[in-house]
Amino acid sequence: MTSRYRVEYALKSHRRDEFIEWIKGLLATPFVLHADDSHADAQIVAENCQARYYEIFKDVESLVKQTIFLDELNELDPKKKSISRLRTLVPSLGKFFTELPLADAFLLEDERRAISKRRLVSPSFNDVRMILNTAQIMALTNIYKQTENNINGISGKNQQQQQQKLKLITFDGDVTLYEDGKSLDENSEVVQRLVKLLSLGLYVGVVTAAGYPRQSGAEKYYERLKGLIDHLNSNHCTLKTYQKENLLVMGAESNYLFRYNNEMKGLKFIDDEEWFLPQVKNWNIGKINYIMDTLYKHLIYLRNNFNLEDSTTIIKKERSVGIIPNSGCRILREQLEEMVLSCSRKLNTILTSSSNFADSTEALCVDDIKVCAFNGGSDVWVDIGDKALGVESLQKYICHDETVDHVCPIGKSESLHIGDQFASLGANDFKARLSACTVWIASPRETVAILDDLIDFIEG
């Protein structure tokens, strides 16, 4: 009963990823036709399945290349509006910022996960997710190594292309760097990997939903990242000052920026004027307050509807509003899903349907303001802004410093976001796909594994 419940729940449309499901469907055919040949040698069957799976990933790899090519043509001439075959097959597909060596990634993951050797369990959602993750890491590190090997003898456009490499890595907090509701401690395996990334000259950012404004908020983020910041402050830390100060924290999706400061031995709050994107600076405070007030009232309605008055608390901040369980209580998973979907629908209404409002100043034409609603696992939040803006803000802020012209500009193909929430609705990492390459993990353990691959590929 439990197993069936989980399967049916996981197949809810808003929790699917169409690209992964489509690839999984392609792999189902060779599995059904060839994986259960009881009259053949097991090794031969495995090799046959591997060859067929490899061919599928090679074909998908070619479709990705074609999609990138047509996207580039469309950017040069928007009137063309050419649609790739892959987008026809998977309409919800986003934009690829790098090619994906899916076939090679499959071989590596097949060696680890023995996908081709399975006779009764077909290639799964998680198998495909991990293959896509590995392919993205391979693509980014291939660019990195090509850059290092082609410093001389290149000019013009080719030089610009060769100078592209991974420069910025951002992370979600809960479930990505540390377990849900926990924090980084000095013994965390993630800490040494983050320190290694900083030592390689990469910028490391934490883009989290947790929002604590002003310098007083630095203490809250220190509590979350204690193990890492304590290491940076320790006598045995070998990082140079500029490498330490390549650590940034973006709070409340895209609302509060902090940067490690070596003199303060901690995080320094960065004033909005130094990093807000132009479109964000133009957002009307009245519009933001209207959105927050409307969603606050909607959460009160939902809380009353589910009889959660005694077991939950609604919190309203400057740029976010959420509902959290009281100590010793919890909100059922189905209730969390209902609330986040209801909030998303409410947002869609007030962001697009100005005719529903009697007062034109309330209608606001608020479609220029970005807002996201997400399920945090035990709570539901609605934030002004989103992680696409958070990542883009980091890309632009870093390049305000004239001393780092050698790494600027930082493009989307030179940025990587690692997170656990990539469902199309109710997940706040999903929007990061608009501003960076992404890796979809399910636990801090997977984060450690993917960072080990990343570091090995860079140094290998």
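A Cβ is built for glycine as well, from the same backbone N, Cα and C atoms used for every other residue.
Per Swiss-Prot, the feature ATP binding site maps to Arg112. Sequence annotations record features per position, and here Swiss-Prot assigns Mg(2+) binding site to Asp172, Asp174, Asp420. Residues annotated as IMP binding site in Swiss-Prot: Asp172, Asp174, Asp180, Thr208, Asp379, Lys387. Summarising the annotation, Swiss-Prot assigns active site, nucleophile to Asp172. Among the features that Swiss-Prot reports, active site, proton donor is placed at Asp174.
Annotated features, which come from Swiss-Prot, shown on the structure.
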| residue | record | DSSP class |
| --- | --- | --- |
| Arg112 | ATP binding site | helix |
| Asp172 | Mg(2+) binding site | coil |
| Asp180 | IMP binding site | coil |
| Thr208 | IMP binding site | coil |
| Asp379 | IMP binding site | coil |
| Lys387 | IMP binding site | helix |
| Asp420 | Mg(2+) binding site | coil |
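Looking only at Cα atoms, the residue listed as 'ATP binding site' sits nearest to Asp420 among the binding-site residues Asp172, Asp180, Thr208, Asp379, Asp420. Nearest neighbour of Asp379 (IMP binding site) by Cα distance, taken over the binding-site residues Asp172, Asp174, Asp420: Asp174. Listed binding-site residues: Asp172, Asp180, Thr208, Lys387, Asp420; maximum Cβ neighbour count within 10 Å falls on Lys387. Closest by Cα distance to Asp180 (IMP binding site), from the binding-site residues Asp172, Asp174, Asp420, is Asp174. Listed in chain order, the residues near the Mg(2+) site other than Asp172, Asp174, Asp420 are Phe171, Gly173, Val175, Thr176, Leu177, Asp180, Gly419, Gln421, Asp429, each with its Cβ within 8 Å of the site Cβ centroid. Close to Thr208 (IMP binding site), meaning Cα to Cα within 10 A, are the following binding-site residues out of Asp172, Asp174, Asp420: Asp172, Asp174. Distance from the CA of Asp172 (Mg(2+) binding site) to the CA of Lys387 (IMP binding site) is 9 Å. Summarising the IMP site geometry, the residues cited as binding it (Asp172, Asp174, Asp180, Thr208, Asp379, Lys387) extend over a maximum Cα to Cα distance of 19 Å. Asp379 (IMP binding site) is surrounded by 20 other CB atoms, counting those within 10 A of its CB over all protein chains shown.
The residue listed as 'ATP binding site' is surrounded by 10 other CB atoms, counting those within 10 A of its CB over all protein chains shown.
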